[in-house]
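Here is what TrEMBL records for this protein:
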type     : residues : note
DOMAIN   : 30-283   : domain 'Glycosyl hydrolase family 36 N-terminal'
ACT_SITE : Asp477   : active site, nucleophile
ACT_SITE : Asp547   : active site, proton donor
DOMAIN   : 647-724  : domain 'Glycosyl hydrolase family 36 C-terminal'
Amino acid sequence: MQISFEEEQQVFHLYNDKISYVIQVEKQRYLKHCYYGKRIKRWHSGIKDYYYDRGFCANPIAEDRTFSLDTQLREFPESGQGDFRSPAYELEDRNGDKNARFFYNGYRILSGKIAPDGLPHVYTDADTEAMTLEITLQDKVRNQRILLYYTIYEDAVVTRFAKWINDGTEPIEICRFLSMNMDLPTQEYDVLTLSGAHTEEKNVYRRPLCADSVTIESSRGTSSPQATPFIGLLSPGTTEEQGEVLGVNLIYSGNFYGCVQCGQYGTIRVQLGINPYQFGWQLSPGSSFCTPEAVLVYSVNGLAGMSNTFHKLYRTRVCRGWYRDRERPVLLNSWEGMYFEINEEKMLTLAEEAAELGIELLVMDDGWFKGRNTDTTSLGDWTEDKKKFPDGLQSLAKKVKQKGIDFGIWFEPEMISRESDLYREHPDWVIRSPFYEPILSRHQLVLDLSNPAVCEYLIDAVSKVLVSGNISYVKWDMNRHLTDLGSAYLDRKNQNELSHRYVLGLYRVMETLTERFPQVLFESCSSGGGRFDAGMLYYMPQTWTSDNTDAVCRLKIQHGTSLLFPTVTMGAHVSACPNHQVGRTTPLATRFAVAAAGNLGYELDLKKLSKEEKEEVREQIAEYKRRRRTVQFGTYYRLADSFQENQSAWNIVSEDGMEVIFTHVQILARSAYRVPVIRLKGLDPDAVYIDCETGQEYGGDELMYAGIRIPRIRQDFSSTTMVLRKS
Ligand code: DGJ
């Protein structure tokens, strides 16, 4: 990768074998976005665009009526100077004046990566993996600087964030400060977003752009189940394999805002960053503020190309730690099998049964701590319930381990119940307004993580439980959103900082704990995928994908999640039927087929399984372990764009290309059966593959071009899986 600056044309060119990103300094002041896409050799500045004398245009250079900021393609637009589209930043001074004039004022080209302070980001293992461009914008009147950082890697990826530095003598308030802005010259795109709800996360929505704008946002305090900080721009007709895609994702777990805004004259503006709603940051003289990092992936190979780039990047350069490259254990989680009805005896029986089936980790979910028999009490009191665990937690963990299985535990550290010792001791530690009764959600309140004392308490409380060394897994849950924004810790003038400070506090807590307990596997959860984002993955390398464990619903959820996130980050469990969320009964084999596309777990009462079902589960686990490396670290392909057509299919190719796992799920059986033809992807066309079960040989070219024909199964929710080996 390289970054060049052509002095004469004032052109920055970031490039590698695959992509080019071009920025130009215009009129010695303004940054123009020239290009982001497939690699070009050189930007010749031959295209003299956007210089027209148009109505209602403000002209910052009075003698040139053809130059207006409103019609230019901008890189990081301000407010109040005649660009009437959405600004990337805005300030307010003590007197309520919001005007500012930030102009270009130099650059640096650096080898390696510059990271945003205190925030998760794409990291590098060596400086040779990346190059960074730092561009300075300066307001000389107010003595403020904004530094724009662009990092280019070997893959088709550019990451961006911005840093604001107050060099002045007066404090200012940052009212808006997005991570990225990019204006593109055409509206010929489909916009793809991932929206949803609790138990229906990450549904894929795609629509052509009209003259209107598309906005996405969360103001819930987390990235949320409702929206995902992701925008996909697809050239018309783009499919899984073909077409141009530009995907922008934010590495952040809090409130965000993103938009694709149509300009008056056929251009668009793409933005992503912290949600300016309920945000403000007091920047005192000498201090700085960094935005979260945005990841811009470019693909010429359709959605699959985009996803594969995100997967590789997130798996190897966002996820960290001991588990990054290690296979994840098959687990049994107590929640859907027992809910709050747990105790030592039950857990030990479960451990025995689970170990006997080949399960490697027993996770004790909610209900283990002091007085926690319903969801109305005890959050914050992270010591065991003596009635349920008379010998204590550590003794239980030890006994579970002696049964040949690892032990893991559930926490919801960011929360507090009114009915808890912690609340009685520290009523001022909750997020609330000083004037009104705080609003409950799931009977609980949110701890004020902007307060360092609260963060210290959390680190301490969780550490005390983990320190014995017998707990090898933590499920970190978060089951409500932020209301009544108010902090007893922050000054009045800093109250608008609360939502972002909450996220910063959380990141600090997670950083400390994951560093302190490097061999504990942390899985994040927020009522399922309510905070399944790249920010959390920086600390916790896997996420509970959804509270919806129904195999059919999971097809859609995992399909949407796979747009951005690799299989190894997705927790997926086989649960009981009728399913607890939707009441559906699906075959055990299909529940497994769907869960086996992620990190496999079971979440049911093993006692209720028949002898035959137990045998089936034992075989499933053995089979999963055989193919686990491929599932968790292989390349994942969505097949046939087929979800809407009563089916879903995917194949995963192992890192060395030797193994291929293909799965097809038919949703409803139909009488007038039409044989689905599914073409596999990512295979070697010149190789021969052998079906491990039947010994049947297939050419890689046959499988990819002619495809597999799915035999008829007269049963709803049936599945077909083939494991193929390259010969
Ligand atoms: C929500 C999670 O998503 C569930 O899996 C379970 O852990 C419950 N919370 C426990 O309260």
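From the backbone N, Cα and C atoms, a Cβ is placed for every residue, glycine too.
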Least Cβ-crowded entry, counting other Cβ within 10 Å, from the active-site residues listed as Asp477, Asp547: Asp547
Pairwise Cα distance for Asp547 (active site, proton donor)/Asp477 (active site, nucleophile) [Å, integer]: 11
Arithmetic mean of per-residue pLDDT over the domain 'Glycosyl hydrolase family 36 C-terminal' (647-724): 96
Residue distribution over DSSP helix, strand and coil in the domain 'Glycosyl hydrolase family 36 C-terminal' (647-724): 7 helix, 33 strand, 38 coil
